[in-house]
Amino acid sequence: MKIILLGPPGAGKGTQAKFISEEYSIPHISTGDIFRKNISEKTPLGVEAKKYLDNGQLVPDEVTINIVKDRLGKDDCKEGFLLDGFPRTVNQAEALDLFLNNKGQKIDTALLIDVPKELILERMTGRRVCPSCGASYHVKFNPTKVEGKCDVCHSDVIQRKDDTESTVKDRLDVYDEQTQPLIGYYKKQKALSIVDGTGEINEVFQRVKESLKSICK
Ligand code: ADP
Ligand code: AMP
């Protein structure tokens, strides 16, 4: 199974990706997570990427495409993968198509998690993440059992620097300008499926499974 998750920041891609990856035993590849790991480890890539993440801008295509190609070349991606947050530009989508095409492969579907704009701001500003294990929560919709503490590893959860209201607005503008055109791109390829991303997390996952059932047999 080769799946791309599409949708605006805050749509629930990472949340659903965790379930999809477990259900179908495919690696969850989040470019955002890769960048954040490099930033916390202060690698040269992290130092470069930080400038963009802090301002809600996209890391340049060339850098991002190379990271993904490298990751998809690993053994665990042989049977499939789930891309979360990539591609984010038409240029990235074309590079991915070419990369897979050269191996006689293609994606099974680009699954759009469809959430209206008015819900996004609340989802993103209420997001809390664990800096140690990467678990993600929401202060209202998916709270930690003990306030402020990660359920998995008990570290203090934090708000991502780019989840503050002003950066969220910039990220949504970036999405509209650079990422939304991918909906048309995959529609044209007849590879687009759309899932209603409103309602409870588990409800959305049931819809995701239903949608994947008909596509990826
Ligand atoms: P993305 O990866 O698309 O940026 P996330 O999966 O991190 O989005 O979700 C953004 C925030 O919204 C998180 O705090 C998450 O807990 C919350 N969330 C995810 N899905 C839902 C849902 N169906 N209803 C309410 N909140 C949700
Ligand atoms: P995410 O965790 O998916 O919300 O991504 C967080 C940030 O990482 C984005 O705002 C970008 O700065 C950067 N990023 C993640 N994926 C990409 C991508 N495919 N292309 C460029 N930048 C990306």
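Glycine is no exception: its Cβ is also placed from the backbone N, Cα and C atoms.
In TrEMBL, the region 'LID' annotation falls on 126-163 of the listed ranges 88-125, 126-163. Its own atom aside, the Cβ of C150 (Zn(2+) binding site) has 23 Cβ atoms within 10 angstroms in the protein chains shown. Across the domain 'Adenylate kinase active site lid' (127-162), mean pLDDT in this model comes to 95.
Proximity note: of the listed binding-site residues (G10, G12, G14, R127, C133, C150), R127 have a CA within 10 Å of the CA of R160 (AMP binding site), given in sequence order.
Checked against ligand 1, the binding-site residues G10, G14, C133 give G10, G14 in sequence order as having a Cβ less than 6 Å away from one of its atoms. Taking the C-alpha positions, the distance from G14 (ATP binding site) to C133 (Zn(2+) binding site) comes to 14 Å.
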